[in-house]
């Protein structure tokens with residue numbers, strides 16, 4: 001092949017590799033990712049975001065109390081973890097309304113749980129456990145803080161409403177504690193019962209009606225299959241992909257009015273179900289969590305691989321409001337801040353619950369020593385997630401949270417006169433996902449395309465360089481062949497200069513000498 005043609009081929013390959021594969025394709029790919037992430041009405045992403053077809057893994061672990069009477073007498077609590085009670089959790093966003101003026105949409109959240117015995121490791125929900133009666137203890141705690149003079153009334157009301165309990169612990173089946181409910185009898189006509197029940201009825205989201213004047217109390221029952229009242233407004237990300245999913249309002253308010261001064265009331269991050277793509281190691285994963293009335297951030301920790309896909313591993317915790325100035329607004333009061341990885345939720349949920357990581361992971365040692373049976377472990381009890389950085393797809397995520405009550409001696413309540421002081425764990429939950437093979441396959445298809453383009457880039461660049469080099473070499477080789485070689489003939493001494501045999505002028509210059517010298 002002629003050098004010129006080889007040069008054209010080599011240059012074309014080189015130009016294709018550099019201009020198309022190396023320069024044009026990456027921006028095109030990024031633009032497509034940005035476009036696909038937007039929550040545009042009718043798009044595939046909008047459908048997945050609003051009604052994810054695959055359930056989340058929802059695991060509940062209860063702490064069984066093995067020495068309830070001894071605790072009542074003042075001894076240290078001994079606990080035994082029982083779980084997981086595994087539930088398939090379906091989350092739907094309902095009553096969606098688009099707001100074109102600011103590229104946002106509003107929705108309510110609906111969560112539904114279905115018990116999955118095949119993944120509950122032999123547990124059925126029929127197991128009888130002894131646990132703190134959260135409703136009784138919450139009533140005691142709130143009365144002490146808000147109306148301590150009413151403790152006498154509360155004593156009488158507890159006897160009537162809960163049928164003269166022997167302790168603040170209750171023996172019940174796991175399914176009753178979690179979803180089916182424990183009985184609350186508000187049929188009494190006495191003043192004490194009527195007064196306390198009127199307060200309980202105001203919190204209708206915590207009780208399920210079970211006939212006239214009768215209710216059922218459980219940890220999750222009232223929320224199961226129910227559209228939650230919070231109206232959440234998020235950005236769609238059509239105008240700016242970085243804004244996708246960001247929370248801007250809850251119930252028409254642009255910030256909370258729960259916490260003290262500072263940024264604690266601000267809505268930071270997304271609604272935790274979608275995140276902006278093209279992550280870097282410097283980006284935090286920030287989301288607003290309505291169940292604890294605050295935003296939380298997860299930070300890059302390491303590079304990982306999930307199901308054959310390269311991911312970024314992130315970790316999160318509850319912070320330390322006692323030592324971090326920007327978190328002090330989460331303190332119940334300026335002089336009553338909890339320490340690291342503990343958060344008082346009283347203002348948020350209306351019950352004196354304290355959030356922590358499971359088994360008090362990362363909390364001060366003194367709280368761990370208040371009870372027996374806790375064994376914190378980072379891998380099993382930490383908050384962690386793995387994101388594919390280009391699409392911000394969570395391939396694996398584990399959100400874990402424990403709920404506790406701070407208990408102590410209450411002289412004016414007969415069942416707690418000798419109670420030990422302790423941070424008492426009640427239960428902990430893990431909400432997680434390991435992305436299914438169907439969705440992983442789609443991701444791998446994208447990365448296979450990227451790999452093919454990457455291969456084409458280097459193949460065309462290397463091939464183009466080699467072909468261009470070969471063309472240049474061939475060109476110079478042919479150039480050398482076309483040179484006229486002149487050999488100098490030097491006659492030896494005494495020899496007569498002669499032309500070679502049969503050589504004439506015409507044979508030397510046949511192409512240069514015209515056949516007819518008189519042609520002109």
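All residue numbers here begin at 1 and follow the chain in the order shown.
Glycine is treated like the rest: Cβ placed from N, Cα and C.
Straight from Swiss-Prot, the features:
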| type | residues | note |
| --- | --- | --- |
| TOPO_DOM | 1-5 | topological domain 'Cytoplasmic' |
| TRANSMEM | 6-26 | transmembrane segment |
| TOPO_DOM | 27-451 | topological domain 'Extracellular' |
| CARBOHYD | 64 | N-linked glycosylation site |
| CARBOHYD | 224 | N-linked glycosylation site |
| DISULFID | 264-329 | disulfide bond |
| CARBOHYD | 268 | N-linked glycosylation site |
| DISULFID | 293-348 | disulfide bond |
| DISULFID | 331-337 | disulfide bond |
| TRANSMEM | 452-472 | transmembrane segment |
| TOPO_DOM | 473-520 | topological domain 'Cytoplasmic' |
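All features noted in Swiss-Prot, drawn onto the structure.
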residue : record                      : CB count, 10 Å
64      : N-linked glycosylation site : 18
224     : N-linked glycosylation site : 17
264     : disulfide bond              : 21
268     : N-linked glycosylation site : 16
293     : disulfide bond              : 19
329     : disulfide bond              : 18
331     : disulfide bond              : 18
337     : disulfide bond              : 18
348     : disulfide bond              : 20
Proximal residue to residue 293 (disulfide bond) among recorded positions 224, 264, 268, 331 (C-alpha distance): 264
Local confidence of the prediction over the topological domain 'Extracellular' (27-451), expressed as mean pLDDT: 92
Rounded inter-Cα distance in Å - residue 329 (disulfide bond), residue 337 (disulfide bond): 9
Residue from 64, 268, 331, 348 whose C-alpha is spatially nearest that of residue 224 (N-linked glycosylation site), among the recorded positions: 348
Residue pair residue 331 (disulfide bond), residue 268 (N-linked glycosylation site) - Cα distance, angstrom, rounded: 19
Candidate nearest residue 64 (N-linked glycosylation site) in space, where candidates are the recorded positions 264, 268, 337, 348 and distance is Cα-Cα: 348
Residue from 264, 268, 337 whose C-alpha is spatially nearest that of residue 348 (disulfide bond), among the recorded positions: 264
Rounded Cα separation (Å) that holds between residue 264 (disulfide bond) and residue 337 (disulfide bond): 14
